[in-house]
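Colleague: These came from TrEMBL, pasted as-is:
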- 4-243: domain 'Nucleoside phosphorylase' (DOMAIN)
- Thr10, Arg52, His53, Thr186: phosphate binding site (BINDING)
- Glu167: site 'Important for substrate specificity' (SITE)
- Met185, Asn209, Pro210, Ala211: substrate binding site (BINDING)
- Met221: site 'Important for substrate specificity' (SITE)
Amino acid sequence: MTVYAIIGGTGLTKLEGLTISAVLNIETPYGAPSAPILRGNYADREVLFLARHGHPHRIPPHQVNYRANIWALKHAGADVIIAVNAVGGIHAAMGTGHFCVPHQIIDYTHGREHTFFAGELEHVTHIDFSYPYNDILRDELVEALAAEGVAYSSHGVYACTQGPRLETVAEVARLERDGADIIGMTGMPEAALARELELPYACLALVVNPAAGKTHAIITMAEIERALDNGMDKVRATLARVLAG
Ligand code: HPA
């Protein structure tokens, strides 16, 4: 049976409903992952869970050890990865509380350790990354969102910014011209590293605020936390449907 790994983002540092059977403290050639990997049972299936920002939430997006996280999940036995990400909405359809299963990503990050293919190599490897997300997993997420009856978009372009600050209005306008629909800070290099280790990967994004300039108000952490509180039950229900499927 396929072993699903779930990477929980902001608002999902633990997976309620997960019956934990093992807590894996995995050291990797790249250092320690953000938190121990939890192995357990969720919706009658064996799953692995990792809190991207640590548990409790303490690691900012630009300091997440993405290489250690992906390497550790692979070595814990993950076959596929579903990443959960809180994002800002750019496209008019992406209001607070909306879900998006992105099909493309643009990387605006810098200075992050972003590849396993560095250092002393026997040969140089360039992975194909034309389609960063796995369509089978994307379809599973879309079907689950539809069954859950929540508002969602089955496609979207995810702009990954460096953070930890939010964007300026001009930056969001530029990302929109680039074709981005949602913005987050953690989609990359996570997706590319999963591809390098041949792990099918998809993202379940929850919009937690309109991106800068999309309303007249400034963005507050209180608004983001409220949206996370309101959305996480739906995230868990969606994941349970995917796993039960
Ligand atoms: N920008 C970038 N990352 C985010 C945002 C945003 O507006 N909201 C949640 N993560």
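One-based numbering along the chain as shown.
Each Cβ is built from the backbone N, Cα and C atoms, and glycine gets one as well.
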Colleague: Relative to the Cα of Met221 (site 'Important for substrate specificity'), which of the binding-site residues His53, Met185, Asn209, Pro210, Ala211 has the closest Cα?
Modeller: Asn209
Colleague: With the substrate site defined by the record as Met185, Asn209, Pro210, Ala211, how many Å span the farthest pair of C-alpha atoms?
Modeller: 15
Colleague: When you average the Cβ positions of Thr10, Arg52, His53, Thr186 for the phosphate site, which other residues in that chain have a Cβ within 8 Å of that mean position?
Modeller: Gly8, Gly9, Ala51, His57, Ile59, Pro61, Val64, Asn85, Ala86, Met185
Colleague: In sequence order, what residues of the same chain, 6+ apart, have a Cβ less than 8 Å from the Cβ of Arg52 (phosphate binding site)?
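Modeller: For Arg52 (phosphate binding site), the qualifying residues are Ile7, Gly8, Gly9, Ser34, Ile59, Val64, Asn69, Ala83, Thr186, Glu190.
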Colleague: Sequence gap of 6 or more, C-beta under 8 Å: which same-chain residues meet both conditions with respect to Met185 (substrate binding site)?
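Modeller: When sequence neighbours closer than 6 are ignored, Met185 (substrate binding site) has Pro61, His62, Thr109, Cys160, Thr161, Gln162, Gly163, Pro164 within Cβ distance under 8 Å.
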Colleague: With DSSP assignments reduced to helix, strand and coil, which class does Met221 (site 'Important for substrate specificity') get?
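Modeller: Looking at the DSSP assignment, Met221 (site 'Important for substrate specificity') belongs to a helix.
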Colleague: Compute the C-alpha separation of Asn209 (substrate binding site) from His53 (phosphate binding site), stating it in Å without decimals.
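Modeller: Per the Cα atoms, Asn209 (substrate binding site) and His53 (phosphate binding site) stand 19 Å apart.
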Colleague: Near ligand 1, which of the recorded positions show up if the criterion is a Cβ under 6 Å from one of its atoms? Options: Met185, Asn209, Met221.
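Modeller: Only Met185, Asn209 qualify.
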